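Each remark here refers to the structure printed beneath this line.
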């Protein structure tokens, strides 16, 4: 409760005026008295009270509603630099250096855990993902090809892996370019799930989770909206295929060096000690090679020797000979000379699972759980360290540098410069997932705003395609054209999306949609998991399953759903901007059942279903609960202290009114609520009243 305001010109309280039983005044008032006599001649003293005047505002003015998307002030709660002595300053410098080193260490393990997580997903679902590419009749359907790209990228947690499979299939003439473009679009969507999973780790704080989840899903909405517009356009016109073919034919590209893997140089020495995979098996499965179906993806031999020699071999007939001059018979057998490849294993790989005879699924599950635990731990520690480092002047400088626009009239240049920064950073780390995942906790703690994170994410999309282009230029001559054309399709797809959803502020729909989803997810945190499951798993699986049945079935099922969604969107727009054109009943969603227009019933249902996992200690004996809180020293945020807080809130605390309110005038008004005056032992009547406003 806030303290009582101090009042000026207030009168003494009624407790200073005690009236004895015979009617005499025991204390003299401070103001002038007028003396009169009654009918019996007894003098009566009248007291004139000056009304109380106060400069305090008793009625609070309505405060402004706080915008949940405003960046919080990262205040420095410690001692200022000027207040520290020499020893404290030296200690502060060493603490800052130690925190910076710890931040780099945690960031290193964070990136390594993302790499191991990708390997784990490939072990668990890589072969299943490769089988998605076997059915060429399904991939001729653009919508099915798009969801295949989403599913494969979600399963292997790497858009570069799924893109390399597509490039291999195009180079081997197993897949035409026009059928590969929707898969590339789907891979662009699937790669955005990584930073969305990272945002879930900040669900403990609703405000941080609102910003972090919105900053992560702005990438999702950009990709989904771009596919929603460009996939039908590509299916109708084929503009990406024609544009990239024109670029490839116009410029005579030559084989170059491989793209520099700057981050891999740092992380590979550690990740290769954990697991190494033979990724060529995925390409062979996608090309329907039956010989590798039962082969493990775990790499056992890292150093081998391959020798090609000529040997005499038997063949069924002379027609099977390599040439007539190298063919002879000795009566029963026909002989010829063939080149035989001999492969000799020299040295095993030096990773943990090299000597374990475990299946890919078991190793993948172990790595999946371990990498997720390391990922969560590193992310939490990074957020804590950033919260302790980014305070005071440091936070002000960083926030001002990142979120401030250029002066007018060049403020529009800031966003495009952020796009270039995002592309450059992604090119350095060689992965858009790593860059956006590292940016997510910064958005959560309020260092980067959503408006600035959006162009940085768009730049990350561009950066990952430039890496693919450089990798394509390093391809052999037989696959150079196809791999380069696929990489350019990915590049121009992202450029087209930026042209659609960034230059005009009105068209920046991904920011609005991400903020709306962030508000919902911060209130109902389970909705974030539902969003991930529905949009990245259930919908792609449903479309893929219907595509297996046939194109007419897919159209018959999807058409009513699309019409209902369009109807809801149009009705929502009319309710917001032109409600007068609608009937009275359609001006709101009240005509629908409550469970169809609100998440509150679903929240109660999910809360009741999960209540067995959230049992608080106040369900048991309160004495035991208080003992538990006393032993463990629970803080306010601990679930165990909830019952203790309830006990403390349940106590009746005495309300002390300020002395200025206890004057005679207020006592007289308050006496209506007093049933009986109290009389003390000396016979003095005390007129007092305590009111709690």
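Backbone N, Cα and C define each Cβ position, glycine as well.
What TrEMBL says about a protein is an automatic prediction, not a curated fact.
On a predicted model such as this, the values are computed, not experimentally measured, just so you know.
Summarising the annotation, TrEMBL assigns compositional bias 'Basic and acidic residues' to 17-40.
For 1-46, the entry in TrEMBL reads region 'Disordered'.
When Cβ-Cβ distances below 8 Å are used as the criterion, the transmembrane segment (100-121) is approached by residues 155-158, 161, 194, 263, 266-267, 270-271, 274-275, 277, 364-365, 367-368, 370-372, 374-375, 378-379, 381-382, 385-386, 389, 429, 431, 433-434, 437-438 of the same chain, each at least six residues removed from its ends. What TrEMBL records for 100-121 (among others) is transmembrane segment.
The list of residues near the transmembrane segment (142-159) in space but at least 6 beyond its ends in sequence, with Cβ under 8 angstroms from a Cβ of it, reads 117-118, 121-122, 124-126, 128-129, 132-133, 165, 179-191, 193-194, 227, 231, 234-235, 282, 432-433, 464, 536-537, 539-541, 543-544, 547, 554. Residues or ranges marked as transmembrane segment by TrEMBL: 142-159 (among others).
With a threshold of 8 Å between CB atoms, the same-chain residues lying at least 6 positions outside the transmembrane segment (179-200) that come near it are 114, 136, 139-140, 142-143, 145-154, 157-159, 162-163, 166, 169-170, 209, 212-213, 215-217, 219-220, 223-224, 226-227, 230-231, 234-235, 240-241, 375, 379, 432-433, 436-437, 439-441, 444, 461, 464, 486, 489-490, 493-494, 528-529, 532, 536, 540. Summarising the annotation, TrEMBL assigns transmembrane segment to 179-200 (among others).
The transmembrane segment annotation in TrEMBL covers 221-240 (among others).
What TrEMBL records for 361-387 (among others) is transmembrane segment.
Marked as transmembrane segment by TrEMBL: 408-428 (among others).
The transmembrane segment annotation in TrEMBL covers 434-451 (among others).
The transmembrane segment annotation in TrEMBL covers 458-478 (among others).
Nonlocal intrachain contacts for the transmembrane segment (484-504), taken as residues 6+ away from its ends with a CB within less than 8 angstroms of a stretch CB, comprise 163, 166-167, 170, 177, 180-181, 184-185, 187-188, 222-223, 225-226, 229-230, 240-241, 243-245, 247-248, 253, 415, 419, 454-455, 458, 461-462, 465-466, 468-469, 471-473, 475, 510. Sequence annotations record features per position, and here TrEMBL assigns transmembrane segment to 484-504 (among others).
Annotation source TrEMBL lists transmembrane segment at 524-543 (among others).
Sequence-distant neighbours of the transmembrane segment (549-574) (same chain, 6+ residues past either end, Cβ-Cβ under 8 Å): 141, 143-144, 543, 581-582, 586. Feature annotation from TrEMBL assigns transmembrane segment to 549-574 (among others).
Long-range contacts of the transmembrane segment (221-240) within its own chain (CB-CB distance under 8 A, at least 6 residues past either end) are made by residues 142-143, 146, 178, 181-182, 185-186, 188-189, 192, 454, 457-458, 461, 489, 492-494, 496-497, 500-501, 509-510, 513-514, 517, 535.
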